[in-house]
Amino acid sequence: MRRVLVAGNWKMHKTPSEARVWFAELKRLLPPLQSEAAVLPAFPILPVAKEVLAETQVGYGAQDVSAHKEGAYTGEVSARMLSDLGCRYAIVGHSERRRYHGETDALVAEKAKRLLEEGITPILCVGEPLEVREKGEAVPYTLRQLRGSLEGVEPPGPEALVIAYEPVWAIGTGKNATPEDAEAMHQEIRKALSERYGEAFASRVRILYGGSVNPKNFADLLSMPNVDGGLVGGASLELESFLALLRIAG
């Protein structure tokens, strides 16, 4: 049985001071969880997360990581640094990193390796833009991205890897794949994982949906057998909507 994961990607929102208030309120209002919750804020907020969320059920992590272990790489943040801050997760391969920073599948794979070396679970993002979907090429495009981003990546177990399917055309647009659309792609992703790591491994990897998830559509998405949670953007910034997602997840 795969445990549902609700992971909030804050992107470049909130200051450390604002996050401290948000975390304190979350801590006060958090219901008992059967599912798993995580918040993924900007790097400067991670020490605040470590301080405030340490004794809660809520995990936290980063939105990116360096492909390098350490060295003269100005502006980079290593997996070892994230580990020292207590990060449980880190996103790699988000469409915004691929689009605005030119990140390739090979670079994403290196980042995933660095995280696994430090015991941090990569949330590895894949997904197609609108023009690819309209051509009917969404599945081969996404699976090619998945295979390239997992090249040489050997997680110690299925719980050490999370995949997030983010249809790029549905991020921040208010558009959303139907639950059936999401399920169809998640099935293809799981099949590709089975070919790569074996069926027993693939059956236990969590695959999140990451395209404009909100409290109105989350229950329907979770009703799909291969949707194991959400990588949530805008709906994770407001405490009430994040709590609503956690209540839906159970």
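Cβ coordinates are placed from backbone N, Cα and C, and glycine is handled just like the others.
Features reported for this protein in Swiss-Prot:
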type	residues	note
ACT_SITE	HIS94	active site, electrophile
ACT_SITE	GLU166	active site, proton acceptor
BINDING	ASN9, TRP10, LYS11, GLY172, SER212, GLY233, GLY234	substrate binding site
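Around LYS11 (substrate binding site), a 10 Å sphere centred on its CB holds 18 further CB atoms from the protein chains shown. Put simply, the residue listed as 'active site, proton acceptor' is 11 Å from GLY233 (substrate binding site) when counted between their Cα atoms.
Other C-beta atoms found within 10 angstroms of the C-beta of the residue listed as 'active site, electrophile' number 27, with every protein chain shown included. In terms of local Cβ density within 10 Å, ASN9 ranks first among the binding-site residues ASN9, SER212. Proximity note: of the listed binding-site residues (ASN9, TRP10, LYS11, GLY234), none has a CA within 10 Å of the CA of the residue listed as 'active site, proton acceptor'.
You'll find the Cα of GLY234 (substrate binding site) roughly 15 Å from the Cα of HIS94 (active site, electrophile). When the binding-site residues GLY233, GLY234 are scored by other C-beta atoms within 10 Å, GLY233 scores highest.
Taking only the Cα positions, the spacing between ASN9 (substrate binding site) and the residue listed as 'active site, electrophile' is 10 angstrom. Here the CA atom of LYS11 (substrate binding site) lies 10 Å from the CA atom of HIS94 (active site, electrophile). Over all protein chains present, the Cβ of the residue listed as 'active site, proton acceptor' has 26 other Cβ atoms lying within 10 Å.
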